[in-house]
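Accompanying notes for the structure given below.
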Amino acid sequence: MSTTAIQPVPFGRRLKRFMADRPLIPLIILLVILVVVLQILRPGIVNERWLANTVKFAIPLAILAGCQTMTMLTGGIDLSVGTVATMSAFIMATQVVNHDPAVAILIALVPAVLIGLVNGIGVGVFRVHPLIMTLGTSLIGTGCLQVYQRTVIASGAKIPPFLAWLGTGLTYGVPNALLLFVPIAVLIVFTLNRTGFGRLLYAVGDNEGAARLSGVRYWQVISALYVISSVLAGITGLLYIGLIKAPSLSLAEPLVLPSVAAAVIGGTSIFGGRGGYTGTIIGALILTVLTTLLTILHMPEGARRILFGLIVLFVTAAYLRIIEDR
Amino acid sequence: MTRLVRRQGWVAGLLVLFVVLLVITRLIQPGYGSGDFGSLVRAVLPYAFAVAAQTIVVIAGGIDLSVGAMMALTSVTAASMMDGASEEYALFVVPFVLAMGLVLGAVNGMLIVVTRVPDIVVTLATLFVLQGAALLVLGAPGGAVAEWLRATIVGTVSIPGLPEISAWIPKALVLLVVCLCVIWIPLKRSKLGLSIYAIGSSELAAFRSGVPVARTKIIAYALSGLFAAMGGLALTMSTGIGAPIPGPYLLASVAAVVLGGVALGGGKGGLLGPIVAVFVLRLVRTDLTLLAIDPNVTAIIEGAIMVAVVMFGAFITMRGRQ
C-alpha cells in the first residue's frame, strides 16, 4: 500500500476508490441534490409537512428494499414481496371484520410464512434461480388471493384504527410509522453486521463453495432468509394498508420494482456478498424524492419504469467496474 | 448416440403425453372436436413464440427475462399503429414490428456483451424499460388489428378432397410451424447454429476454438427478440387489441423450456421439445377448465405445475453437475 502514497493516483481512480469505500457519502450528496432541484422547481415545497410525507411513503419501500438487500446479499432476489404484502394486507382487512385485530394480523401473516418457506425450499434445496422461484410463488399467491377474495366478497373490509394511526399519523410532526421502522431497521443492521446469521448471508453470497466447505448448511440459511424476507414483506403490507387505506388486489405491486432499484442504488451488489442496509434506506429516500420530482414534471408511469430499469442497469455496471478496478 | 436417443426419447415421450391428454380431454368432454383444437392452437400461439424466444437464448447459455415485456411492447406498438389505419398499412406494420423485436433483442445482447453484467440482471433491467415503453405507447388495453391479419389465424386450411383431415389443421398451427421452421431449420444447419450451441455448452471452449462469442450471443438475443415480436403480433392477432401489461409469459416460457428437455445451463436440446411442452401445459389448462374448476383455481394449479416443473429441472441440472 506504500506505493499508492508515493505515486500520485489519478483523480478519477481516487474518486472511484472513495466511492467504493464509502458508498453512503455520494448517495447522501445525490439525495441533497434531488431535494434542492425539487425546491428550485417548486419553491416552498420542501417544508416540515413534505418531509413527514416523504418519510411516510419511503418507509414501506425501505422495508421491502430491506427484503431485497438481504436476499441480494446471498446472490438472490425476492420478487414475491409485492404479492406477500398485498396478501397480508388484504387478508388482515377482511379478517378483522370477524376477529380481534391481533388474531387477524396473525392469520394474515400465515400465508407470508408459507410463501417464504416455499421460496426458501425452492431456492435452497432445489436450487431454482431465486428470480424464477419467487416470480412463480407470487403468481400462485395472486391466484390464491383471487380465490380468497370470492369467499369474503360479502363480508367487506375495514382497517383497524391503530394501523391507520401507525400508517398515516403524526406525533409532533414525526410520522408514527417510524415507531415500527426504527426497530426493524436497527434489527436488520444489527443482524447483518453483528450476528452469525448476518455474516453467513455475506459468506454465502461472496463464495458459496467456500461457505459450504467451511460447514455452512446452505439450505437452512437460505430457507430462514426467505421466511424472514416474507414476514417482513407481510408486516410492510400491514403498514402500507394503514397508509393507503384501500384494500385492493394490487396494493403493493407497484413497490416491487422500486424496492429492487432502492437496494441496488444503496450499494448492495445484485451478485451477492457486498452491501448493507443503511445504503438501502437512503436509496429508498432517493427514489421517493425522485418519484415526487417525476410527478411534478408530469412524467407518466411508463417513463418512471424506464428510468428505474436504466438505474438498475447503470448502477450494476458501474459497481462491476469498481470491483474489477481493485 | 445414446444422448441423441435419449433426447429424441424425451420429445417422443412428450408427444405421447400430449396425445394421452387429448384422449383424456375427449373423455371429459365427448364433444371436443376440431373447432376446440383450433382454439387451443390459437391460445397456444403467443406462448409458443415466447417459448421459442426463450429456448434460443437458453441454448446459448443465457436467460431472457424480458420476453413477456418485449411481447407486450411489440403487441401494443402493432395495435396502436393499426388503429384506424387502412388494411394495406398493416403490410408495413408487420415487418416494422418484427424488425423492432430484432433490434431490441440485439440491444439486449449488446448490453450483456458490452457491460459484462450477467444476462439475468441486464434482461431484468430491460424488462423494466420495455414494460415502461409499452405503457408509454398505450396506457390501457386498446388499439385495433387489420382484418386480414386476424383471418390468418382463424379457421382451418382447406385441402380439397380431404375435409376431415384439413378440419384438424388450424391456420394458426400452419402459421406457427412455418414461422418457426423458416428461422429454426436453416439456423440449426448453419455454422451460426452450431456456434450458439457451442457458446451455451462452454463459452471458454467456444472462444478458444475460434467462435466469435460476442457476435453469436448478440445474434441469439436478436433472434429471441424476433420470436418475441412474433409472439406480440400473435397476441394482437388473437385478441384484436394490444395490452401493455404482459401475461405470465416469462414463467410459462421457462417452464416449457425446462419441460421440453432444454438444460437451463445451455448447450442442449432443441426447439421441438419446448413447443410440444407448451402445448401440453396449455392442454392441462383446457382440461381443468372443462372439469368446471374455478378459473382462479386453475391459475393456481397452473402456477404450481410450472413452479414444480422448474424445480424439477433445476434439480436435474444440479444432479447432472455433481
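Backbone N, Cα and C atoms are what each Cβ position is placed from, and that goes for glycine too.
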Of A:69-89, A:279-299, the range TrEMBL tags as transmembrane segment is A:279-299
Contact set of the transmembrane segment (A:218-243) with the rest of its chain, CB cutoff 8 A exclusive, min separation 6+ beyond the ends, reads 56-57, 59-60, 63-64, 66-67, 70-71, 74, 76, 78, 80-82, 84-90, 92-93, 105, 108-109, 111-113, 115-117, 119-121, 123-125, 159, 163-168, 177, 180, 184, 197, 200-201, 204, 208, 211-212, 251-252, 255
Counting only residues at least 6 beyond its ends, the same-chain positions whose CB falls under 8 A of a CB in the transmembrane segment (A:306-323) are 16, 19-20, 257-258, 260-261, 264-265, 267, 269-270, 274, 287, 290, 294, 299
